[in-house]
Amino acid sequence: MWPFASVPAGAKCRLVETLPENMDFRSDHLTTFECFNEIITLAKKYIYIASFCCNPLSTTRGALIFDKLKEASEKGIKIIVLLDERGKRNLGELQSHCPDINFITVNIDKKNNVGLLLGCFWVSDDERCYVGNASFTGGSIHTIKTLGVYSDYPPLATDLRRRFDTFKAFDSAKNSWLNLCSAACCLPVSTAYHIKNPIGGVFFTDSPEHLLGYSRDLDTDVVIDKLKSAKTSIDIEHLAIVPTTRVDGNSYYWPDIYNSIIEAAINRGVKIRLLVGNWDKNDVYSMATARSLDALCVQNDLSVKVFTIQNNTKLLIVDDEYVHITSANFDGTHYQNHGFVSFNSIDKQLVSEAKKIFERDWVSSHSKSLKI
């Protein structure tokens, strides 16, 4: 019935946030806890979750969500949680707590063993989905600032479920040749919507390149294209910008996103605001990169601030016309090696709502000048 139905603006997407209780502002949007709770409550057939790691029991709200999942699984709802092979530290405890949930560890890069599953998304019944930067941890549900998108528009949920199928094909328990065969089966039907064919002004982008499949857009290509075509403004709220790729303990320069930001500021006079995170998970190059941008563009309209509370929000807004929400840092290692799905939209309402979030964060008491 989808081809004959009118497509709602923004594909029925709503922004979703986690805000720590010690912040000086609240959100009018759906909380991550409310979003995950609704997905579980409305599920009738299945719930699929992809996350680097799984540690919901670390906070009270995370534990409540996991208990709801346990209840759903006991009622016969099929629940699969994909974890990266290197993010399975708490797996034994969770399996003993709820044996009816199927936990699958994946390795998306058995050949080189450098790629990780970074994607943070939920899909249920091909009807509802969440994608953003909230992993399936108690912190992301309760104590760490995150941003994502929830939709109950079935075509969009189905399109995201195809990504789940792709990542699931890299089950680390399978032989490598089985991984390749399984992936080959799901890649040809890997997406229905992309930058040239958005649905309601919405589409997903993907990484890394070897998992793209037919007609998917490489996330780095879309991000860099948007940065290079920016005319008036670029607003970035990210945990880190790191112009390097790490392989086997060695660092290699990867300036693609970094250069695109500098070119926009210096060559085209674009107004740029960069709000970076500052906590112990940051790459050593992150603050150095922020300072170098601030210094190099001192004669241009580029401002840098640091968010002082744990902030895993990863948001890009260009010309107040395009919004990008992802689970990856603007980091060469993430973009060259890791597996994730990003949300993109040119829908005016969604862009406007995301812009309000950025403005709120930018002027809050938690945002400090880099020069202080």
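Yeah, the Cβs are placed from backbone N, Cα and C, and that goes for glycine too.
When the ranges 53-56, 153-156, 305-308 are checked against Swiss-Prot, the one recorded as motif 'YPPL' is 153-156. With DSSP classes pooled into helix, strand and coil, the tally for the motif 'YPPL' (153-156) is 3 helix, 0 strand, 1 coil. Note on the domain 'PLD phosphodiesterase' (307-334): mean pLDDT across this stretch is 95.
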